[in-house]
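K.L.:
Questions regarding the structure given below will be posed in turn.
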């Protein structure tokens, strides 16, 4: 058997042996001069150092090797991790005073930064103010142009309203505020039900789109137009396209955040981006395959980063919970802006919105709604209790469609309407609270960054 050589240091007392990872060499610490174990034979060298050989034939189980405990080393969390964990606890229901103080400081800081930004761009601010003053003057001056001003004003405000709802739905700030379910979906459903009830889509404006009323002629007779699926979709297409464009704009923050982090090399304070980076660096044992969620993430990353525009268009056109990851992936791999935004805009505002419109119109067609309510009683335990309120709600909505503006006897709201209003108000309130918490956490991050700069 071939021999390996090592060096030992001799001293008095009992010896303990420790294995070296370098080709079977061993260091003997505090070994006695009498030889110690039979597995070590010393050869004379000097008074302090001796050269030994390892004899594998005399090896005994447990004689030279101590089995590991299996615990391993516990990594110490970094300062950034500790600060991030501390930041998560800064919320109104846990630390109300600290959260309020931090949020107010952050608001003041943002106002100061915004004022300084305006001061640095004085020329552009002056031109903007002059343009706004001219527009305001033309808006209030009487003349033949006023009818066009009112028409464009209504259209622009409606456009901004639906774009804003789309942005809120896409951003959400972690609240799940999906405005399609709260606003656009009910609007499409109302138009669909009104179209079949009124036999017309020429709703009087105003009050449409704030309120839908069936059109009547001078004799009080409703229209008898043929209601088609395409006609209903055309009626709500403008609102749907604006909402879809808003959702596309809402996908830009994760893209810009990931792109800036990749270029600067700094660690952003974003949970989804950290999970994405951790997933890219993660390694799994061979006997443990990836989960279904990991496979979808891997598929998203490969298609978006390698296919480009068509891949982004596919993921933007279908409802999926991983499109935020697509925005982060595009930013991380430095996909060009117009490639990402163009595919996202086409997919969300055109393809996806037509699919959602078609689904809502089909689901809320008159015959489908009535069949659903009639079969609701077949649901055990709760079906019979839900059928009556839904019938009352549907009947009242049809009554409102025939109620003329300014007439007396305005129908009141049902219990279902009141519950929906409370739900919407609760979600909006939660949305505002989440914004307040985010402001407080952002101020805490400012403090942590300042401490790091002082220690650097």
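Glycine is treated like the rest: Cβ placed from N, Cα and C.
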K.L.:
Give the range, chosen from 60-84, 85-109, 160-184, that TrEMBL lists as transmembrane segment.
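P.N.:
The listed stretch tagged transmembrane segment in TrEMBL is 160-184.
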K.L.:
Looking at 279-301, 302-324, 325-347, which one is transmembrane segment according to TrEMBL?
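P.N.:
Per TrEMBL, the stretch marked transmembrane segment is 325-347.
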K.L.:
Select from 123-140, 141-158, 195-212 the stretch of residues annotated by TrEMBL as transmembrane segment.
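P.N.:
Of the candidate stretches, TrEMBL labels 123-140 as transmembrane segment.
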